[in-house]
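J.: Attaching a single structure in structure tokens format; questions to follow.
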Amino acid sequence: MARKDTNKQYSLRKLKTGTASVAVAVAVLGAGFANQTEVKAAEIKKPQADSAWNWPKEYNALLKENEELKVEREKYLSYADDKEKDPQYRALMGENQDLRKREGQYQDKIEELEKERKEKQERQEQLERQYQIEADKHYQEQQKKHQQEQQQLEAEKQKLAKDKQISDASRQGLSRDLEASRAAKKELEAEHQKLKEEKQISDASRQGLSRDLEASREAKKKVEADLAALTAEHQKLKEDKQISDASRQGLSRDLEASREAKKKVEADLAEANSKLQALEKLNKELEEGKKLSEKEKAELQARLEAEAKALKEQLAKQAEELAKLKGNQTPNAKVAPQANRSRSAMTQQKRTLPSTGETANPFFTAAAATVMVSAGMLALKRKEEN
């Protein structure tokens, strides 16, 4: 379109130089005339509006002015003819034609560049549309992915809230269980401490009872040794009786007294064995039960005291009988010298008891019984102290 307009605009190139010059001059003059006509017409419009009856005068003025313009036009045409004859003007016209030709070439180049620009612009717009489509698609995918992630996060949030509620409830239950466990642990520790103390007391009591039992066993052994010595003495007395008929009466009394003493000693030994068995039973009960009530302690103490009192009375009676027996045996010393020798032999066989330091008599001594009774009393006393 631009090239067609250019061709139309510059179609006067085919005209001759003079004709073109005249046309240019006419165009210039016509333009000037038109401008003047327009100015004059603008100036005339107001008077016509003011007075419609004065138009002949104005018409005559216009005719006059038209004539003047024609004269001016002729002057310009003459000036144009003079210019065509001027070599400098012709050179300028040739240069003008070259410039117009180059302008046409440039215009063609501009059209090609414009076409390329439009093609590039179309490609750019296509790429932009494609990029926009891809961007919209990517945005939709990201939006969808974001919504899915949001839904997933919301589900996880709800799950975490439920888990937190469950965890809080479980933690509260565990706290209660832990508190109960701690309380039970404290009770068990207190009970364990109590049992430990009771065990220490029981061990101490058992050790004391063991020592008492050992002392009782030692006393029993000593009593059995005394009994064996008495049995040997009795046998020796029987032999002495066969040897000395002269001292038969005295020996008979001594033998009878010895038999009575032996029976008493055997009875006392049996009673001491029963006491020892009772002490062993008591020790066993203490080991199994580990504790006695106050009532049982009182009963046991009263029983032991009663038995000790009875045993002491019995031992006192035996001591009196032994004293009487010794007194009765003194006058018969001259009649039976062999019996005296036998008694002196018995005296030489006397031993010292390691527990009390007393001299062992041929009969049951008070020291042995006292040891057994003291062992029972000591065991009871230690248990009460514990």
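Yeah, the Cβs are placed from backbone N, Cα and C, and that goes for glycine too.
Straight out of Swiss-Prot:
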- THR356: pentaglycyl murein peptidoglycan amidated threonine (MOD_RES)
- 42-152: region 'IgA-binding' (REGION)
- 158-192: repeat 'C 1' (REPEAT)
- 193-227: repeat 'C 2' (REPEAT)
- 235-269: repeat 'C 3' (REPEAT)
- 302-307: repeat 'D 1' (REPEAT)
- 308-313: repeat 'D 2' (REPEAT)
- 316-321: repeat 'D 3' (REPEAT)
- 323-328: repeat 'D 4' (REPEAT)
- 353-357: motif 'LPXTG sorting signal' (MOTIF)
- 1-41: signal peptide (SIGNAL)
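I would like each feature placed in context: is it buried or exposed, what are its neighbours, and how far apart are things?
T.: DSSP states for the region 'IgA-binding' (42-152), grouped as helix (H, G, I), strand (E, B) and coil, give 109 helix, 0 strand, 2 coil.
Taking DSSP states H, G and I as helix and E and B as strand, the repeat 'C 1' (158-192) has 35 helix, 0 strand, 0 coil.
Mean per-residue pLDDT, taken over the repeat 'C 2' (193-227), amounts to 76.
DSSP places the residues of the repeat 'D 1' (302-307) in helix, strand and coil in these numbers: 6 helix, 0 strand, 0 coil.
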